[in-house]
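Remarks on the structure that follows.
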Amino acid sequence: MTGVMTVTRDTVASSSDWEQTQQDWETSLRAHGRRVTKQRLAVLAAAHMAPHQDAEHIWREACTELPELTLQSVYTVLADLTGLGLLRKIEPTSGPARYETRVGDNHHHAVCSVCGRIEDIDCAVGHAPCLEPTSSSMAIYRAEVTFHGICADCASLESTDFTPPQRTTTHRRVMTVNSTTQSGAPVQSDAHSQSVGQDGAIALTDHYLVEKLAQFNRERVPERVVHAKGGGAFGTFVTKEDVSKYTKAALFQPGAETEMLIRFSSVAGEQGSPDTWRDPRGFAIKFYTSEGNYDLVGNNTPVFFIRDGIKFPDFIHSQKRLPGSNLRDADMQWDFWTLSPESAHQVTWLMGDRGLPLSWRKMQGYSSHTYQWINAEGERFWVKYHFHTNQGVEGMSNEQAAELAGSDGDHHIRDLYESIDTGDFPSWELHVQVMPYEDAKDYRFNPFDLTKVWPKADYPLIHVGTMTLNKNPENYFAQIEQATFAPSNFVPGIAASPDKMLQARIFSYADAHRYRVGTNHAQIPVNAPKNEVHNYSQNGAGRYTFNSAATPNYAPNSKNGAAADETQFQAGGWENDGALTIAAARLHSEDSDFGQAGTLYREVYDDGAKARFLETITGAVGGVQDADIKERAIQYWTNVDSDLGAKLRANLGAGDKGSADGAVQQGGLTGEHDGAQ
């Protein structure tokens with residue numbers, strides 16, 4: 001047997017080639033655009049030390065160095081390394097696939113028909129291909145040759161008249177613990193169901209088969225109706241500045257350190273969609289504070305497409321798929337946007353460089369909504385949150401995003417996971433803008449309008465603290481897919497605002513969680529608060545915490561049960577002298593749908609960003625088939641900036657539908673636009 005040297009644990013330290021081998025792997029990984037991670041190196045080392053082993057053997061070997069490594073992650077790494085050409089996959093006629101690190105030469109394999117052992121055989125011809133078909137129109141570059149026989153060890157146990165077995169059997173794997181049913185009883189077989197005779201009908205009395213199939217049928221919960229594709233991580237938030245004059249919230253007191261969970265996501269795509277599509281990114285945080293969970297459910301943009309929640313289902317429908325063909329459609333996207341002028345600011349963000357972040361680590365995060373902070377004296381303030389990445393903001397081109405969508409649809413998930421896995425912990429600095437309570441009443445535009453930013457010249461950024469992600473989930477489904485984030489989860493010192501979109505989300509999100517994950521989703525460990533819960537809710541599917549028989553299940557009661565203290569915990573609020581009505585919010589003196597979009601384009605985007613923006617909207621609007629919608633789209637961008645509209649019309653080859661002077665050319669707001677940060 002010839003080939004690369006097999007390095008065992010005993011010889012690794014003394015092998016002069018081992019360090020060079022590892023360096024070669026690292027160089028190859030980087031050359032293929034992959035990060036050098038502990039998982040990849042551990043899998044390569046395990047395959048190198050014991051060639052021709054299956055995934056489970058490689059997993060067990062790698063676990064001696066990385067105990068937290070999962071079998072599923074090993075399968076993922078093996079597939080990736082094989083695709084990169086760093087591993088060769090061997091597929092015997094029976095049994096699982098095997099792997100080896102000997103690549104790049106023309107060698108074959110001999111398989112023992114008794115024990116299944118695989119040995120390398122150097123090619124007698126010495127070049128590829130070593131066999132040529134008698135007739136083929138293909139350009140042959142490799143021939144897979146497999147020899148079958150009996151290895152020396154097995155031959156020594158057999159007679160000289162050895163007859164090859166008619167049916168090979170797979171090896172029994174090394175067993176650590178016995179498989180059990182859900183109730184904990186040991187099972188007889190993982191491979192064979194109970195039947196009437198070997199070739200008869202399967203028996204319904206095989207309760208283990210029934211249990212496995214029934215559980216399999218119910219493995220999935222409904223995917224999120226928005227933000228379906230995503231990933232996340234755990235970390236800590238440390239308050240470094242004193243903002244106690246604005247809020248009494250425990251997590252924002254000086255020196256407070258709070259555990260937290262974040263989930264990043266895209267908005268419109270389904271679970272299986274590429275995460276590099278142009279789309280806003282979700283930026284949802286759950287703070288496990290000493291006073292309960294505080295959920296801050298934001299995006300990577302400071303604004304949104306609409307300002308009233310009643311339009312949200314229609315907006316999302318327009319961004320997803322046609323009910324007939326189930327295809328995404330540019331006409332319905334632009335039909336909605338051009339008939340909803342308040343969308344212009346967010347669409348300008350979306351079509352700019354930040355619509356395609358290079359990674360989740362390299363994008364900002366925003367609360368988008370305005371919230372209310374309350375201090376220990378009961379004073380109230382309005383606040384917006386800004387999370388500034390310490391990794392630097394970086395986007396990708398349309399071409400790069402399209403390439404990754406085809407080659408690695410999980411690019412953002414992989415980047416975050418591998419960064420944390422290698423100890424490169426991403427972090428963000430939290431800043432807030434604080435508006436005195438009374439300012440909101442007569443501010444020049446509606447400060448609760450989700451389509452607007454507050455100029456920093458009026459309300460500068462105040463540093464609060466640092467968020468660092470330092471722990472990957474142990475199980476994606478249990479800790480990320482089942483995670484629920486609700487804007488209704490406030491803590492003392494933080495409350496809602498008159499933002500109509502926020503008020504709609506306060507109901508909508510919690511209701512979606514009850515449907516998607518269950519009535520008792522808050523009891524799932526990843527959603528459960530760290531402090532004790534005391535209330536009189538009871539029962540429901542999936543409940544496993546409960547009140548004892550000695551505890552009353554109603555309030556008020558005289559049995560020393562939990563009770564609310566109105567004097568200790570002051571909820572937020574605001575005054576409103578209006579009658580119940582169905583109408584848009586009261587207009588302020590400088591309210592404008594297109595003004596801040598124009599400021600973002602003219603004053604924040606540099607010449608290169610403007611050129612890329614024009615290229616992007618030209619391609620997007622160019623996909624519209626309906627001529628009337630296309631013309632409305634051109635006018636939509638003319639309202640943002642007349643020069644931009646003229647360039648778009650020229651790019652699309654559309655005829656002049658009137659002077660640009662007739663556009664709704666609304667001026668931008670003075671002061672620094674949030675896009676600069």
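Even glycines carry a Cβ here, placed using N, Cα and C.
Sequence annotations record features per position, and here TrEMBL assigns Zn(2+) binding site to C112, C115, C151, C154. Annotation for C154 (Zn(2+) binding site): same-chain Cβ neighbours under 8 Å, separated by at least 6 residues, are C112, V114, C115, R117. According to DSSP, C154 (Zn(2+) binding site) is assigned to a helical segment.
The annotation compositional bias 'Polar residues' is assigned in TrEMBL to 8-25.
TrEMBL lists 180-563 with the feature domain 'Catalase core'.
Residues or ranges marked as region 'Disordered' by TrEMBL: 1-25 (among others).
Sequence annotations record features per position, and here TrEMBL assigns region 'Disordered' to 655-677 (among others).
Look at C115 (Zn(2+) binding site): DSSP puts it in coil. Around the Cβ of C112 (Zn(2+) binding site), a 10 Å sphere holds 19 further Cβ atoms from the protein chains shown. Other residues of the chain with a Cβ within 8 Å of the Cβ centroid of C112, C115, C151, C154, the Zn(2+) site, are S113, V114, G116, R117, I150, A152, D153, A155. By neighbour count, meaning other C-beta atoms within 10 Å, the densest spot among the binding-site residues C115, C151 is C151.
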